[in-house]
């Protein structure tokens, strides 16, 4: 058969990295990325891009660990290359602190990040409100540069990218053999996924170049993540809230909470407010589905629903989705060779 025509819907970190994995694994296929938004206007552009996994209750822990390991290994190699600065990827050390000792003192990802250990008494003195903490080094992606770097890699392999709002996957059936759905929160309408819901996140991006270490409250709500140019302060987790307008009350609350962890932030300049809708569900949906309508079949691979943890597992789920695309290609090639017979 002719080269299979594959369309990836969505151009956030999940869509772009899935497209890249498909291209690396199946270079002979013809690949197009379709999205109504590209960087800097995606949900991924708002994300802090820290590699600290968020646990998905509906996904087995060994699977989540494999996804995280795959992602960490991939980004660590980039951070160790001449492309690190352009890709916006760097190592950052810091602390995760808890008001009470967590049930799980060793999270499932503790042997993947670097130098994971309990904090010393001396370190804990920096956080008088907290009784327990963990110190480690992990990776951070500065999101807009990383998305642009992924786009550049894709364009170098000849992939087409078009601004197009896809409202029905069947609209693509005449042009493409396989559809890969990486629509994020857009999958709520696109495929009618009632298990998918937004978790509104508001963050501040500030200029505070003296802040070198990340600090994350164990509840995951308050965090300080230093990037190459800006420090991300967060945040909010508002389930089922679709509002993309910044809330001044939340801005003040986030700033005060972060200053209580790192008082020097009171001097931070150029405060910019960003809002994104995390596409959340009990488990990430990475699966293939054969849609059927009037005797016509359309193979679809889904890869969405990463919630707050997309950057931590993006490369792992992209590889899994690319493997499923491979299964779809094999079925298409099988049916095309049978048709010739």
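Cβ atoms here come from the backbone N, Cα and C positions, even for glycine.
According to TrEMBL, the FAD binding site annotation covers 43, 44, 166. Taken from TrEMBL, the feature D-dopa binding site covers 223, 278. As annotated by TrEMBL, domain 'FAD dependent oxidoreductase' applies to 5-324.
Of the listed binding-site residues, namely 43, 44, the sparsest CB environment within 10 A is found at 43. On the backbone, the CA of residue 166 (FAD binding site) and the CA of residue 278 (D-dopa binding site) stand 20 Å apart. When pLDDT values are averaged over the domain 'FAD dependent oxidoreductase' (5-324), the model yields 96. In sequence order, 48, 50, 214, 215, 216, 217, 232, 233, 234, 235, 258 make up the list of same-chain residues 6 or more apart from residue 223 (D-dopa binding site) whose Cβ falls under 8 Å from its Cβ.
Long-range neighbours of residue 278 (D-dopa binding site) (same chain, six or more residues apart, CB within less than 8 Å of its CB): 43, 185, 198, 199, 200, 201, 306, 307, 308, 310.
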